[in-house]
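Per TrEMBL, the feature active site maps to HIS17, GLU66, HIS70.
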Amino acid sequence: QMDANDCHDPPMYWTIHGLWPDRAEDCNRTWHFNVTEIKDLLSDMRHYWPDVLHSSLNRTHFWKHEWDKHGTCAATLEALNSQKKYFGKALELYQHVDLNGCLLKAGIKPSSSYYKMTAIKEALTRFYGVTPKIQCIPPEEGEEAQTIGQIEFCFTKELELVDCMALEGEPNPVQAHLKLGTSELSICNDTLPTYYPSEVQ
């Protein structure tokens, strides 16, 4: 998919998928995305929140989707009640969490050998004091290892880090639109060897 959409240089660091309210009913679907409102953020957006799948003009397709689907719901919070605040706060939280730095400090880096999922979880919990939700692409037929696809951090309405308590098997509306290629992301299995790929093969 990335090749087909001229993403020849996927970033070698964790990027942002989105900032999602968990149970939001109060969404203003008439509030349309306007890239000029975030023009001051664009260089950071392109770097930390790139659209690797759509080569649309200005690559705004992904941001528009995130705003329409999640931002218009998150905007009920004063801290997120404009496009500039929503995208700006997501960038700020990303910098604050510093997932790339944390994993590196814990000695967890992209590699061709496998990790234990429990070791990754323990390192993250030790670092943050909360447990994030780690999502994987399950092993394909004939493979033994799952592949890390996404790491989700949870925040209170005051935007403080909190444990992600979502249990496996619970219906999670957030996961409904997560598709990487043809593989669906799901909560990682604690017992399977885990691949943290250095390059997308």
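Glycine is no exception: its Cβ is also placed from the backbone N, Cα and C atoms.
Automated prediction, rather than curation, is the source of TrEMBL annotations.
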- Highest CB neighbour count within 10 A among the active-site residues HIS17, HIS70? HIS70
- Compile a sequence-ordered list of residues in the same chain as GLU66 (active site), six or more apart from it, whose Cβ lies below 8 A from its Cβ; state 'none' when nothing qualifies. HIS17, GLY18, LEU19
